[in-house]
Each structure stands twice: as structure tokens, then as C-alpha cells.
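J.: This is the structure I want to talk about, given as C-alpha cells.
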């Protein structure tokens, strides 16, 4: 009998400790031990310091903010965290309350038995006192045996007293649990039990509005370049790597072309992760060697400059065949008009939001850059623009939304120095720096799907993020 009672007493003592812990810990969890602030009924009035930040924005020509999304910072959304903590505490309290109820029923049933037993033991003790006073009338031997049995029972009396105390504790603890549940429910209603769900729906609605707003954005103008992010270190000092800007979201194949000459091998990887790990999915052996590093994959085909010529080749990855080839009239080749680093980089093929382009120089334009828009199927020149920027003074170049951006060097300290808009046929000098981390860039190409610049930087394959300035379309623009 003694061990079960002691075990029960230990359980009840443990529950009392839990109660004390909850009473001490709960206020800090739900913020009751701090000064409570009054929150507004509308989420839009919460300031950035209280957990909100500008997520994205677009501006009109006058600089007015047209489409702005405000979303909660994950680390600062205290109301949402408190709601989740309260729900979890309520669940725990409910579970504990059920357990206490079961324990209470058992305890009350046993308690009645204990009370009867206690009465009997006290009566027995009184009788023994009476017998002891009159022990002369009893045999000494029988008296001693009875006394020993009584001595064995005496330690149970404190246990019974403790049992009565624990039974009272269960009743008190049950009442505390009931009160705590009421308090928690009140707090939950006060701060909003479903803040998270409501907040999530607001964010979804704002994201929808942002997408609608983005559809009204015109092509962007380059404002800033950040990075780089080093993806991999491989190959020689010169080379090219790229993805297809017209590929679907599920198609993330990477193509890798090492060296700027004397090579015909193109390596394909199913994803960036496979590219990093070196898990090739396929290898292509081109029918011709390429020149330079300024190739482009566009809509499932590879466009490259045939070695020692001004011929452009269109090669299909699906069929493994040349679909088209055409000479780029008057274009210099084989280090006649390369970029500053050389490497037969006379003809640069690139793509942007508008289509396929070729950037090169001619004698007719005094060695200055010529921009030609190409038909992606036939490679026919659709239109050309002659700039005044000398090709040999350019470090690299890339197209974004029909504007050519030219860097002033391929070495440390390079920056985007010049731009030419094919839409307005005008140019401007710019000053957009970027970090040439590995000191020698031999390939720099924009990918419209990723909104990023792919670069080959001294045997490092890296990515640069770009920041574009957008103009909101009006009804007159459509």
C-alpha cells in the first residue's frame, strides 16, 4: 500500500511544479509581463518598426509610387508568434485538464477508502493504548505480537496525511487549470486568435495586386548591379555558361562551353545543382569550332560564331543539327575588333526581353559598335544601329530591354560606362560599378528570365543581380 501512495504523491507534486512553471513562464510567453500596447483595427496603420517593411514598388515618370506591397517581416511578426503560442498553450492546458479530471475521479474514489481506513487505524490505536494499560490481564507474548503489528502500521499514518493533502492539491490544481483556460481564452480573443490566417490572406491579396501591377510595367532601365554570387570554379580562364531565357520554369538546364577557341564540346546539366556537383546529363559535339565566348542559348537552340569567320550558326539541341547559318555582313572577326581581353570576341550574340541580337564592329563604322536585331529562325538582320563607341575599348556588353550596356574594362575597376537605346537611337554615358571579384571577365550576358547577369570571371562561374527602373504603362501606351 505504501509504494502506490508515495508514487501518487510524487505525481501530484510534479503537477504542482508544472503549475508553478506555467504561472512563471506564461506571462513572458504571451507578453503579459510587459506594458501592453494598443493595436489598431487596421493592419495598414502599423509602422515598419512594428513589423512591416516595403516589399516592392514601382514608380511613374514623376517619381510617384504607383504599386507598393507591404508585408510583415518574418522575425518581427510578434502578434502572429503570440497567437501561435497561445493556441499551443490552450491545447496543452486542455490536455492537462482532461488528465487532471481522470486523476481526480480515481483520487476521490480512493480517498473515501482512505478515510475509512484512517478511522479504523485510529480506533485500533486507541484500543491498543487501553490494552497496554491493562496488559497485566493479558499474556505477555500475545501482547508483544500485537504491538509489533501496530508498530508496522504506524508509519502509514503520515502517508495517509500526505494523501489527504495531495487530494486537496488536485482539487486546487483543477481549479487553477480552469481559471488559466479562461484567462488564455480571453487573451486570445483580445489579440486576435486568427491573426496569422488573416495576415496570410492579406499578403496573398497584395501579391496578386503586385502581379497585376507588374503586368503594367514597361521594360526596365539598368540602375544597379550587385553581387557576384560564385556558383562554381571550373575550366580555364576563359569560357561561357548559360541557361535558356525562354525555357519553362521547370526547365533549368545549364550549358557549359570551356575556352574561347579550338573546342566543339558543349556540356549540358539538368539544373544548377547538377552543374555545381558536376553531374552531366548530356554532351554535344558541334559540327564546327566556335570563336570567342559570346554564345547564347535561346528557345532551345545554341547560337555561336563559327571559328575564323563572321558566320553565325544556329544549332538545335533537340535534333543535334544545324538549323541555320548566315554571314554577318562586314562584321570583323578573328581578333580584328574584339573586346579589350581579346580571345576572338569580335561577335557577341545575346538575347533580352525583345529578342535575339548581335553586337560587333565594322570597317564601315570605323571600328565602332554595331547593334543588329536578328530573326531567330533565319538569322537575317532585321535592323541595325551604328553607335559611336569603339569596340576595342569595350570590356564586355549585354542587352536589357533593347538597350545595349557597355563596360569600360574586363579588369578590376570595371563599370558600365555607356548605354545605347535602340528604341530612341540615343546614347548616354553611365557610371554603374560592379564587383569584378576575380579580376578578369571574359563573358557577361543578361538572362531575362532570371533577371541576372551570367559571367565567366577568371575560371569562376558567377551571377550578378540587376536592379531595373520600370515605368508604369498608361492607357495611351497600349
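Glycine residues also receive a Cβ, built from the backbone N, Cα and C atoms like all the rest.
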J.: From the ranges 170-216, 217-263, pick the one that TrEMBL records as coiled coil.
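T.: Range annotated as coiled coil by TrEMBL: 170-216.
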J.: When neighbour density is defined as the number of other C-beta atoms within 10 angstroms of a residue's C-beta, which of the disulfide-bonded residues 219, 401 has the lowest density?
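T.: The disulfide-bonded residues 219, 401 were compared, and 219 has the fewest Cβ atoms within 10 Å.
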J.: Give me the mean pLDDT over the domain 'Olfactomedin-like' (218-470), rounded to a whole number.
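T.: When the pLDDT values over the domain 'Olfactomedin-like' (218-470) are averaged, the result is 96.
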